[in-house]
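**Student:** Per TrEMBL, the features are:
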- 28-62: repeat 'PPR' (REPEAT)
- 63-97: repeat 'PPR' (REPEAT)
- 133-167: repeat 'PPR' (REPEAT)
- 168-202: repeat 'PPR' (REPEAT)
- 203-237: repeat 'PPR' (REPEAT)
- 238-272: repeat 'PPR' (REPEAT)
- 273-307: repeat 'PPR' (REPEAT)
- 375-434: coiled coil (COILED)
- 606-754: domain 'Pseudouridine synthase RsuA/RluA-like' (DOMAIN)
Amino acid sequence: MSACERGGQWERVLAMLANIRIEGLKLTPRAFSTAIAACSRAARWEYAIDVLGSMQQQGVSPDVICCNAAITACEKAGRWDSALLVLTGMQKLAVQPSIVSFSAAISACSHGEQWQRALHLMAEMSGASLEGNLISFSALVSACGSGQQWALALGFFAEMQQKGLEPNEISYNAAISACERGEEWERALLLLADMPQRRLRPNVVSFSAAISACANCEQWQRAFAILGDMQKQAVLPSVITFSATITACEKAGRWEQALDLLSQMKLGSVRPDVISYNSVVSACEWAEEWETALGLLCEITKQDLRPTVVSYNAALSSCEKASSWGTALLLLAEMPLMQLAADMIGYTAAISACARAGQISQGIDLLNHINNDNNNNHNNNNSNSNNNRMELEESSMSQLPLSFTAWALATLGVRDAELAHDTARRALARLKETTHPQKELSTLAWALSMLGVDDQEVFAELSKQASSSIAAFTLQDLLLLSWGMAACFPSAELFSLIQAEVIARLAVMRFEGRSQAALAVLTDRVLGVVWACRFASRLQDDLLAAARNALAQIGRSLDAQHPMGRSAGAGVGRLDAPSIGNSATQYSLEMFSEPHVALDLPDRLVIVKPPGWEVYDQHERFEDRQLLSFLKALSSCQWPILGDSKHQHGFLHRLDVPNSGLILAAKTYEAFYALRLQLSAGRIARDYVVLCHGWVPAQIHEITAPVNWRGTAATVAGGQGRPSRTQLTVLSHLRSKGGDAFSLVAIRILTGRQSLCARNQGMVGLLV
């Protein structure tokens with residue numbers, strides 16, 4: 001029996017056990033434990049439990065070895081619940097659990113991510129006067145890591161050593177994996193470096209876990225370095241290792257490096273799997289290399305691999321970013337042929353692609369298709385706003401995520417007040433039925449606000465549910481929630497909770513080591529929350545201080561990565577600014593024919609932009625009249641931010657080419673973020689003097705209206721869109737000799753939305 005057990009012939013072992021009984025031979029616990037071990041080796045945990053249960057029926061009392069073998073069988077199969085049942089059943093059988101029993105049960109809890117039960121078992125073991133051994137402590141470290149409890153995991157890792165237990169490769173791998181899940185990449189690398197000091201050789205699991213830790217924190221360069229060290233130490237990377245490194249490139253937007261790694265896999269001995277391909281497709285998606293992403297999707301099938309829903313979702317997202325709506329719809333149509341069902345991620349990307357391309361009818365067709373349970377009820381005759389009226393059935397809507405229909409209507413810019421109201425009321429009914437995920441609440445708030453819904457009952461219910469679970473919202477969700485509520489339901493209680501949550505997160509957040517892309521996303525979210533709170537008149541000084549501190553750290557970090565040249569800073573600060581007196585008569589036309597510096601400070605400056613000059617868009621028509629070129633010449637190209645398009649080349653804002661005025665610009669990243677914060681918080685005023693066609697009523701002093709724009713399409717003011725607010729004062733009314741009426745108006749933009757001078761003037765029937 002033992003030979004068959006070691007050979008993995010579990011069915012023959014069970015047959016031998018049955019023959020012993022049939023032939024009337026004496027059955028022993030050893031025979032049963034061998035049979036249970038054979039089932040365990042073959043991953044037949046159910047048979048192992050059956051054999052254990054049959055022992056008493058056949059007059060044999062189970063011993064600790066049999067019970068341990070059964071627990072181990074459950075552990076290997078990931079059946080933590082069954083393992084605990086066997087462990088608790090040992091008491092009824094009058095069998096005293098051993099250290100092996102507890103260790104196997106803790107390991108089972110680790111596989112099942114039941115870290116709290118693992119802690120309870122460790123305490124129970126101590127209560128039974130059993131000292132934890134290397135196996136039980138390693139299993140406990142692994143269990144805590146699986147449960148995202150990296151600090152507890154490292155605590156037990158340290159306790160194990162305090163008790164005189166020398167960690168082995170398994171212990172270290174468990175600790176490194178715990179750091180990976182906790183996004184503690186620095187600690188993971190310290191543990192990896194410590195292994196050779198203990199005369200332990202890191203294996204493929206050690207390296208892969210460390211690379212994954214770097215990937216989670218967007219440390220793609222360190223991930224590459226670890227992969228290089230691994231190969232130097234003659235440890236062969238696995239497909240998991242390569243996939244983790246590709247993921248690091250994906251998260252950092254390094255699509256070319258991700259492609260190189262995929263090529264290495266194909267040329268080497270490690271065959272890429274679909275997960276590897278999915279990560280590379282996602283990397284191309286983030287880099288907006290949509291054609292490359294589609295080519296990789298085709299390559300998956302050529303490699304005899306089957307694409308997954310994740311593969312198609314990544315390709316669909318790349319189409320979204322490229323506004324390639326036709327390709328997105330073709331991919332959705334292709335999925336059933338691959339026996340794949342599209343999910344909300346794919347549908348969301350396809351609808352967004354239609355919206356970006358201005359293909360509103362196609363987007364509405366797709367939404368109708370989704371709402372009608374995917375019955376392909378496309379209406380190909382939706383050519384005008386009346387035909388585009390959607391027929392949304394409650395039965396289909398109830399199966400979709402709470403916010404989906406409202407989100408789709410808002411994203412597509414559907415201007416139908418009745419439909420928006422109906423959508424809001426149906427959402428309210430679902431809100432009252434049960435609680436919903438935080439992402440659904442925040443997206444619904446944003447969408448209803450964009451649709452121009454003014455239903456206080458809906459927003460009150462949204463506020464109620466959000467307030468009760470504010471700590472569970474992501475920063476992105478807090479941004480959407482605050483934007484959605486700012487104009488429609490500026491609850492003091494809710495905005496206080498939102499700000500307190502953002503302050504608490506910023507206080508413990510670490511910025512060093514994050515990629516520039518990740519920092520840009522973070523700053524946009526923080527500034528967005530500040531803007532929304534200010535628009536709602538709920539901005540607190542504590543949030544402003546926390547944001548100022550965080551953005552200063554981020555700015556200094558970026559400045560350290562891009563040091564200035566020697567001639568920058570104080571040297572440039574000696575530039576002479578023009579003398580501007582109190583009288584407007586001191587201005588001359590010559591002053592506005594060329595750009596010049598009106599105010600120069602060590603880390604920022606104010607530039608006078610003449611009419612006919614472009615700020616930095618580099619259109620060929622204005623190639624020789626770029627403010628960016630002016631600043632580069634002024635600074636001798638010593639300000640690194642001038643070359644950073646993702647930071648607007650240091651410019652805080654722009655003016656249209658025909659307009660003249662003052663432009664704020666930063667010389668450093670720290671100054672850039674300080675200026676952006678002041679703008680979001682309303683601490684920087686932007687005043688304009690405009691000449692309008694028609695007579696502006698003198699009693700109008702503020703215009704508050706939603707503004708909606710999409711790409712290069714015409715901007716629409718009023719009804720729906722993002723909230724905007726502009727203050728104005730009528731300076732004079734004029735009439736031309738031909739009888740045309742004009743108004744000279746002083747305008748102050750309060751919200752920072754694009755072209756609001758013209759858009760909000762359009763709200764009162766005037767043309768700038």
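We count from 1, first residue shown onward.
Glycine is treated like the rest: Cβ placed from N, Cα and C.
These numbers come from a predicted model, not from an experiment.
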**Student:** Considering every residue in the repeat 'PPR' (133-167), what is the mean pLDDT value?
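**Tutor:** Looking only at the repeat 'PPR' (133-167), pLDDT averages out to 90.
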**Student:** For the repeat 'PPR' (28-62), how many residues does DSSP put in helix, in strand and in coil?
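**Tutor:** With helix first, then strand, then coil, the repeat 'PPR' (28-62) has 26 helix, 0 strand, 9 coil.
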**Student:** Would you mind splitting the repeat 'PPR' (63-97) into helix, strand and coil residue counts from DSSP?
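**Tutor:** Per DSSP, the residues of the repeat 'PPR' (63-97) fall into 26 helix, 0 strand, 9 coil.
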